[in-house]
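Reviewing the structure listed below.
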Amino acid sequence: MSHTDAPPRQPAPPPKSAGDERLLHRSLARRLMGRPELGSVVGAAAVFLFFSIAAEPFLRASSLSTVLYASSTIGIMAVPVALLMIGGEFDLSAGVMVVSSALISSMFSYQMTANTWVGVGVSLLVTLAFGVLNGILLTRTKLPSFIITLGTFFMLTGLNLGFTKLISGTVSTKSIADMEGFDSARALFASHLTIGSVDVQITIVWWIALVAVATWILLRTKVGNWIFAVGGNADAARAVGVPVTRTKIGLYMGVAFAAWISGQHLLFSYDAIQSGDGVGNEFLYIIAAAVGGCLMTGGFGSAFGAAVGAFIFGMTSKGIVYAQWNPDWYKFFLGAMLLLATLLNAWVRKRAEATS
Amino acid sequence: MTALVELRDVSKLYGNIKALEGVSLEVHAGEISCVLGDNGAGKSTLIKIIAGLHQHDAGTFAIEGGETRLGSPREALDRGIATVYQDLAVVPLMPVWRNFFLGSEPTTGVGPFKRLDVRTMRETTRSELLRMGIDLRDVDQPIGTLSGGERQCVAIARAVYFGAKVLVLDEPTAALGVKQSGVVLKYVAAARDAGLGVVLITHNPHHAYLVGDRFVLLKRGTMAGSHLKSEIALEELTRQMAGGSELEQLSHELARTETPEFPGGHRPE
């Protein structure tokens, strides 16, 4: 930016025409560098190339479908978690909330009715209520979201185990496969389509749809503007009339909604649920979002980046299997990838700001 | 001519502490009223009353002749009073055009296809800033990459665009260098020339005197002076501002003594 008669920042401005040409060139480069997902796209390309060479079956269409399925199970949650991180908050309860949602659906159907769809509906309402609870606790107490959701994470973990043992007598739920509506619900949450000769899991469709909707919200709606603002500078946002509290509660409800989709997928792909599952997955979602360029301090990131982050993990987890390595190494790769990607993102951002 | 904003003998109590007592201030269209005072003089309390964050306890507060009592910053905005806070102006990582419209985003389309009118937002940001004399290379750059003075200018242009009649500026030059301060003062003058009434809060009499039409001096919550520009010279304003006799005393205290004693017996070699 320069002013009409204030001195510009560069000591000796070049002639007007030459300056404008340079400006255009630089502006394009910077625009690319300024994209939050650039680092993750480069990383994804590197990982893809690596496994294409190291693991012979990796490039087959069926393998790719498996990789995409693995990516989608993380990706569905990584999208709203990314939005939440852009809004400046964490949700450590996201992993167990998926299992809570599945448990509620399964147990309500089993105990109260004979139709799985009733359970699915009740589960949606209760899971959204968890999201609202997280949001209200956060905005009312003004404690860091790390503490709030660490609390609700342990509470949900305990409730999952406690209620399941109380109701079923064991740590897993009873099968609901013979109930009315099971097949139609499975079609929606856990079926697969056949495209050509390749099986495509329906979660991939859910995932792509969520990324598209989240990107639309983030970049082209008022609410998206507010999400960036509450994460970037909540006080400034409040001062110009942005409903900060409502925006944050809405973001937690977004996480809860995705947890509901993931939970129903979990339930209908098997038919019974282990109540102790889900612990630790919240970190996978956060890692996917961070690798995808979401800033840990909020105000910067993208839904597409989080999707690429999830894709990197899908490739890594399945690539290790195709390369016939011991899958015990998977978590080491996760950690290393997080560090590398975050460093790369920080470097890219610094470069982007330096050239502006 | 009726003043846009007129405070008369306004007082404010926080519990049993008198934060402000008997302060009067007039703001006219196309004029700049400066509020000067040291830290703790009551400047913040005064703008909080005008901005709708606090209500006064005594005296009258009139907007365009009608006595009023503002309940919230939103109400103040709706009545045409926009406040630009020094540290609360913008969201650094967001592009300039998103910051410009934050909280008042124009939309187009209906139902689920209702979306930001991005083209209008970009073009309006560019043209409005240009109108204020700010030639922005790229409205897509994060506003955090602009200098402090430029950010203040964007916040001022924003208030002007959204129909503010009265612009309240909280220490707009406090954290800025000499050159940047000059740039900001230029936009303050531009806002005045656009017909707005401006309240400029500052502790720098030199900046105030450059652009101000009226000066109100605050000291420990009371009004230490109220002058029109024609009635007072810069030297007098600076002297009153610095506390006159206090400054004299300080100069005595700081004066070199004849033979300095070094405690502890250590003398420089």
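Quick reminder: no glycine exception, Cβ is built from N, Cα and C everywhere.
Annotated region 'Disordered' per TrEMBL: A:1-20, in sequence order.
When Cβ-Cβ distances below 8 Å are used as the criterion, the transmembrane segment (A:38-55) is approached by residues 32, 291-293, 305, 308-309, 311-312, 315-316, 319, 322-324, 337, 340-341, 344-345, 348 of the same chain, each at least six residues removed from its ends. Annotation source TrEMBL lists transmembrane segment at A:38-55 (among others).
Residues 58, 94, 98, 200-201, 203-204, 206-207, 210-211, 214, 217-218, 227-228, 231, 251-252, 254-255, 257-259, 261-262, 265, 281-282, 284-286, 288-290, 292, 294-296, 298-303, 305-307, 309-311, 313-315, 317-319 of the same chain, all 6+ positions outside the transmembrane segment (A:67-86), place their C-beta atoms under 8 angstroms from a C-beta of that stretch. Taken from TrEMBL, the feature transmembrane segment covers A:67-86 (among others).
Taken from TrEMBL, the feature transmembrane segment applies to A:92-110 (among others).
As annotated by TrEMBL, transmembrane segment applies to A:117-137 (among others). Nonlocal intrachain contacts for the transmembrane segment (A:117-137), taken as residues 6+ away from its ends with a CB within less than 8 angstroms of a stretch CB, comprise 91, 93, 97, 100-102, 104-110, 143, 145, 148-149, 151-152, 156, 176, 181, 184-185, 248-257, 259-260, 263-264.
Among the features that TrEMBL reports, transmembrane segment is placed at A:143-167 (among others).
Remote same-chain residues near the transmembrane segment (A:188-219) are listed as 61-62, 64-65, 68-69, 71-73, 75-76, 79-80, 82-83, 86, 227-228, 258, 261, 264-265, 267-269, 302-304, 306-307, 310 (criterion: CB distance under 8 Å, separation of at least six residues from the stretch ends). If you look up TrEMBL, you'll see A:188-219 (among others) marked as transmembrane segment.
Below 8 angstroms of C-beta separation, residues 73, 76-77, 79-81, 83-84, 87, 89, 91, 94, 97-103, 105-106, 120, 123-124, 127-132, 134-136, 138-139, 175-177, 182, 185-186, 188-190, 203, 206, 210, 223, 227, 277 of the same chain, each at least six residues beyond the ends of the transmembrane segment (A:249-271), sit close to that stretch. Sequence annotations record features per position, and here TrEMBL assigns transmembrane segment to A:249-271 (among others).
Annotation comment: TrEMBL describes A:283-313 (among others) as transmembrane segment.
Beyond its flanks by at least six residues, the transmembrane segment (A:329-348) meets 33, 36, 38-40, 42-43, 47, 284, 287, 290-291, 293, 309, 312-313, 316-317, 320 of its own chain at Cβ-Cβ distances under 8 Å. Summarising the annotation, TrEMBL assigns transmembrane segment to A:329-348 (among others).
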